[in-house]
Amino acid sequence: IPSVSSIVPESCLLIVVGLLVGGLIKGVGEKPPILKSDIFFLFLLPPIILDAGYFLPLRPFTENLGTILIFAVVGTLWNAFFLGGLMYAVCQLGGPGLNHIGLLANLLFGSIISAVDPVAVLAVFEEIHINELLHILVFGESLLNDAVTVVLYHLFEEFASFEQVTILDIILGFLSFFVVSLGGVLVGVIYGVIAAFTSRFTSHIRVIEPLFVFLYSYMAYLSAELFHLSGIMALIAAGVVMRPYVEANISHKSHTTIKYFLKMWSSVSETLIFIFLGVSTVAGHHYWNWTFVISTLFFCLIARVLGVLVLTWFINKFRIVKLTPKDQFIIAYGGLRGAIAFSLGYLLDYKHFGMRDMFLTAIITVIFFTVFVQGMTIRPLVDLLAVKKKQETKRSINEEIHTQFLDHLLTGIEDICGHYGHHHWKDKLNRFNKKYVKKCLIAGERSKEPQLIAFYHKMEMKQAIELVESGGIGKIPSAVSTVSIQNINPQTLPLERVLPALSKDKEEEIRKILRTNLQKTRQRLRSYNRHTLVADPYEEAWNQMLLRRQKARQLEQKMNNYLTVPAHKVDSPTMSRARIGSDPLAYEPKEDSENLPIITIDPASPQSPESVDLMSEEPKGCSGLPPSPEEDEEGLVMRVKEPSSPGTDDVFTPGTGDSPSNQRMLRCLSDPGPRPEPEEGEPFIPKGQ
């Protein structure tokens, strides 16, 4: 039912199934089975932790390791002691039913209920696809807080049997935390190295390769539990250490087997854990005390929120990428409790803890509240707060190259500054791994293979598998080599049929398509212009062409200024310049007015500029006399120049317009100047001529 599973997490549905099954078994008169702690810790929990440790995203985990450790260690200690102290106060004030519960019992209860559960976190967070940072912070905390939980649990359990707890016992208890956590990691590393070394010699029997991975991981867990060390830390360390070397040695089929078997095994364990939680709720003995249960639930939430806020305020002083208020809310809200708390509560001994049933009832209530209420509402809250989701992208060679380049660059900067940060130590570890460890644990030439080439081979193999599974073997992209295809599926088509040779015509056609589509990236696209529909692609030539056109236009305007004379309304200097023609001596006023314009045209060559004589262009009505009706119709009066009488010289014979003032004006205004714009409606040439 997709509509239900999209709202309710799978873990909630499985608990409901367990409740129904338990009720059904009890209804028919049988006793329902209870999730025994031995079965849980020995058989159901290891597959989930191994799956998480083996496929742990190592880069984000190591980059945020400091933050994860602070949340896992300091946060869990804060939750345990804050909750234990407050619950002791509640028990002292809560009446006769709670007075007998001492401080140690409450602190033990606080240590059990304070730890975030990795099974519950995995079940909920993988469904909401939260971004990688938040996922690794909450999930990493749930994995690493196991050491704190184990130490506190065994510590308070031992203290409960003591008659008196001394300062020395407390100091030894504090030191036991480092022994439990670091001892668990050491056991895991030892078994991881042994598994990697064993896989070097399994090339002739590929069938048992996956078995060694499961066997050595489980032995690491059992060895750690045997000495009361942290089994979860041992499993994670074993998975992280063995994976890069084992994957380089084993065949691809073995790698696929390990991957899918671990996923299936962890999924089955998770399903059984949540179903058994439901069944055990129905079958177990419960003692309900409203004060104790409600106080536990309330103080659990308060302790988690306060712990996250205070620790984040401190962590953000040292982080480059700060944790925002939204991130803090999701971290606080994602602190889910689960079956580990129930199993630890179930392990309590009635002899020392007579209130075990009440503890179990409170633990189950907190588990149900966190899994049902917080688990069901976290997805809508993530959408409401617009928290960044996980980006499902495949890593590319380009990304890998740039990641390595930035790592080397930051390492170099740290060396120059003399600052030994985590990039420096990471580089030292990589050099040691490449120089010594790889040669011992990886067989053949793969030990000398650069990381980038190994990554390329992995991508190539993955792409080839997808190609084979999709049935597109004939359409192999260039990124996939035929060697990797043959390694996966030896019964493929022959080589020449897999990669058919292109004919010369086809090759030339492809080149032509590429030439036309892959233009010069530096060529700039020009905007549309009606003057330049066919533009020169080179900018310099284009500018020269525009300059030439502009000069030609200016020259044309100057020529028009000589050939056409506009009329003006006022006798301005600009207008006076325009009176000068090619023959200034032909300037003659009209008979009826001395100032009215007369243009004399030589009939021999009316087009030549030398034949136009501008006598006067003063508009009609400016001379003080009223214009005659004929002049109104004609506009400017243009008259044919009178032929000179024989024996006279046009140049040296003074005319009627050769007054001293006119000659002075002609000398000053010999340059015609810019061509004024003609007035609309005033013709240059009289009508009818």
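Even glycines carry a Cβ here, placed using N, Cα and C.
What TrEMBL records for this protein:
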COILED    504-531  coiled coil
DOMAIN    8-382  domain 'Cation/H+ exchanger transmembrane'
DOMAIN    479-566  domain 'Sodium/hydrogen exchanger regulatory region'
REGION    600-689  region 'Disordered'
TRANSMEM  6-25  transmembrane segment
TRANSMEM  37-56  transmembrane segment
TRANSMEM  68-91  transmembrane segment
TRANSMEM  103-124  transmembrane segment
TRANSMEM  136-156  transmembrane segment
TRANSMEM  168-198  transmembrane segment
TRANSMEM  218-241  transmembrane segment
TRANSMEM  262-284  transmembrane segment
TRANSMEM  290-316  transmembrane segment
TRANSMEM  328-347  transmembrane segment
TRANSMEM  359-382  transmembrane segment
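Put simply, of 103-124, 168-198, 218-241, 262-284, 290-316, the stretch with the most CB pairs closer than 8 A to the transmembrane segment (328-347) is 103-124. Counted over residue pairs separated by six or more positions, the transmembrane segment (262-284) shares fewer than 3 Cβ pairs under 8 angstroms with the transmembrane segment (136-156), which leaves the two as not touching. Segment contact holds for the transmembrane segment (290-316) and the transmembrane segment (103-124), given three or more CB pairs below 8 angstroms at sequence separation of 6 or more.
A contact links the transmembrane segment (218-241) to the transmembrane segment (136-156), because at least 3 Cβ pairs that are 6 or more residues apart lie under 8 A. Within the chain carrying the transmembrane segment (136-156), a Cβ under 8 angstroms from the stretch's Cβ atoms is held by residues 49, 52-53, 57, 60-61, 64-65, 67-69, 71-73, 75-77, 80, 104, 107-108, 111-112, 114-118, 121-122, 125, 173, 176-177, 180-181, 184, 228-233, 236, 330-331, 334-335, 340, 344, all 6 or more beyond its ends.
Counted as Cβ pairs under 8 Å, contacts with the transmembrane segment (103-124) are highest for 68-91 among 6-25, 68-91, 359-382.
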